[in-house]
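Submitted below is the structure of interest, expressed as structure tokens.
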Amino acid sequence: MPSVLITGCSDGGIGAALAHAFHSAGLEVFATARSIQKMTSLADIPGITLLKLDVTDPKSISLAVDAVTAATADAGGLDYLVNNAGQGYVMPMLDSPVADLQAMFDINVWGALRVTQAFAPLVVRAKGVIVNNRGYSASKAALDFVSTNLKLELAPFGVRVVLLRTGNIATNWFDSVPTCKLPRESLYQPVETQITKMAQGKHQFPTMDPNEYARRVVRDVLAATHSTVIWRGAQASTVKWAVAWMPLWILMHFRNFFLLPLGLALACSSDEDCSLNGVCDNTHTNNTKTCLCDPGWIGSDCGVLDLRPATKNTGYNRTAEGISSWGATILRDPSHQPDVFHLIHAQFAFGCDLDYWTPYSVIAHSISTTGPEGPYHFRAQLVDTFAHNPTVIYSAADAAYVLVHIGCPVNVSTTSCETVQFSCGTGNTNNGESGISAWTSRDLDTWQFHGQVMPGNGNGTWDADTTNPSIFPLHADGHNMLMAYRGCVENCGEALEQIGVASAPSFTGPYTRLPGPVFPENTEDPHIWRDKRGNWHMLVHSLEAGGGFGAGPKVGRHAYAREWDGEWTFNNSTLAYSTHVEFTDGSAIDFSRRERPQILFSEDGLMRPLFLSNGVQEANSSLSYTIVQPIGST
């Protein structure tokens, strides 16, 4: 009975399908993988022997050779050797660490050569056939030349070499492909989402059933009378014809035909496809429109903040003192000192933590003399308990800084952290979160209180509880202001939290609300702004599954609209930012919570996002602090 040894026979892959097909054709099969436990579909089948074989481990290969030598001693050697083991890797070569590429080549090229060298005496003795499966990757393509050399070297000994060029097969091959993570400076950041989908096997090309593929390959291999090339798999014939008959310049001319389905160039039809954070342009893509992202935004749809590594011990972090904070607005110095920046932030009094944000939150003022990233040092308390969710904007029409927040005066224990039931007005009788107040200042030190300018909605609607304010000038005649806020039914309960928008002739009101939430998603903490083109944007804290309050990384979402009172689009497909933060020292933290987003923009009229601030809480900690992370090439 002729015999065959196949590498890479883990369940669900090409190797396992080939093992079944060779076995059905009447061959004795030696099926190998790095772990026998990965070959359960081949276990306990008479005529199939399972062997452990790691193509990168000479000792493992040697033990497999010994086992096959003993098993084929009376048969005159090994008739077929199929080098099938391989590792996938989907990354632009310009961004690939050389060590990763070397590891891939060690499996796909040198692994095949190690196995061939080790089993060559058995194959020569049988005057057999070596089959090299040249799959999808650059390293597998190197097997073309290895196979050509082996063909010349082994022909005098009656050994044939078959090169198997495989098309698209419906296997679990992509499960072992490493996750794509592009460097932030990568030229391919605009299509990272598409590269990630490629690495997950989510392409639009047709595939062939692995068992049908294996049946055809085995038939071809057993029928081969000389060294040859076999093309099998979905689209293999098309590629064979194109490579044989189409000149390279024609292939390059039609590159978009091949690249667009792969997502290497993502077509757009309007600026909305670019999240209004860029323009849909065909200047550099031969009439194929793609998104050109504004500075500070990346991704195929310009929906991802181009966050850079943060610096440790910056922002506002007093957790070592037992003091917690929760989000902030970064402001330039009113006297125009270039390195002086101000932070208006929420802080919790008397050593209380995030669990006691109500009623212990106060609003404080801190200063950095080393730039916008900080560190910031406490200067003064501006508003006593209870005051939370501070947002500050400079109003040119009022020639003043406008601070909005939630809360009202309430007495708290100074010796222990205790919850208190109280109300600041319509919409909430439990914790005082409903109702928005305003202050103004010329210098950020002296503040004038203007009272509650936007109470909860007395109509008892979806936004009875009105909180999480974010304010921005409408840039219309007069002092018109826009207010984004989070609304929910009275006392919130288990209802959705959604974002509303209201306008007023002045920051003091009265505010006229749009009739309903601007999008249906469950979100809070809006941060609203208008870009250089006049479009409107929000960052929000998403309460979706896998995000929310410590449930996972999906926390930062972006929404956009041509007009503030028009149709808003909530970007469900692209995450603007996550709970993952990298630092300049090479470390990283996956925060349990990351909320209250606010951006410091450039003051050149281009509204370039420069720094993102958030309230963050690390896993297994009750304390929280305010982080500041650079955006783009600040």
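Glycine is no exception: its Cβ is also placed from the backbone N, Cα and C atoms.
Taken from TrEMBL, the feature domain 'EGF-like' covers 264-303. Annotated disulfide bond per TrEMBL: CYS274-CYS291, CYS293-CYS302, in sequence order.
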What does DSSP call CYS302 (disulfide bond) in the simple three-state scheme?
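Reduced to three states, the DSSP call for CYS302 (disulfide bond) is coil.
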Count, for each of the disulfide-bonded residues CYS291, CYS293, CYS302, the other C-beta atoms lying within 10 angstroms of its own C-beta, and report the residue with the smallest count.
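If we count Cβ atoms within 10 Å for the disulfide-bonded residues CYS291, CYS293, CYS302, the smallest count is at CYS293.
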Could you round the CA separation between CYS293 (disulfide bond) and CYS274 (disulfide bond) to a whole angstrom and send it over?
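Their Cα atoms are separated by 7 Å.
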When you measure from the Cβ of CYS274 (disulfide bond), which residues in the chain that are at least 6 apart have a Cβ under 8 Å away?
CYS268, CYS280, CYS291, LEU292, CYS293, ASP301, CYS302
In terms of DSSP three-state secondary structure, what is the assignment for CYS274 (disulfide bond)?
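Assignment for CYS274 (disulfide bond) reads helix.
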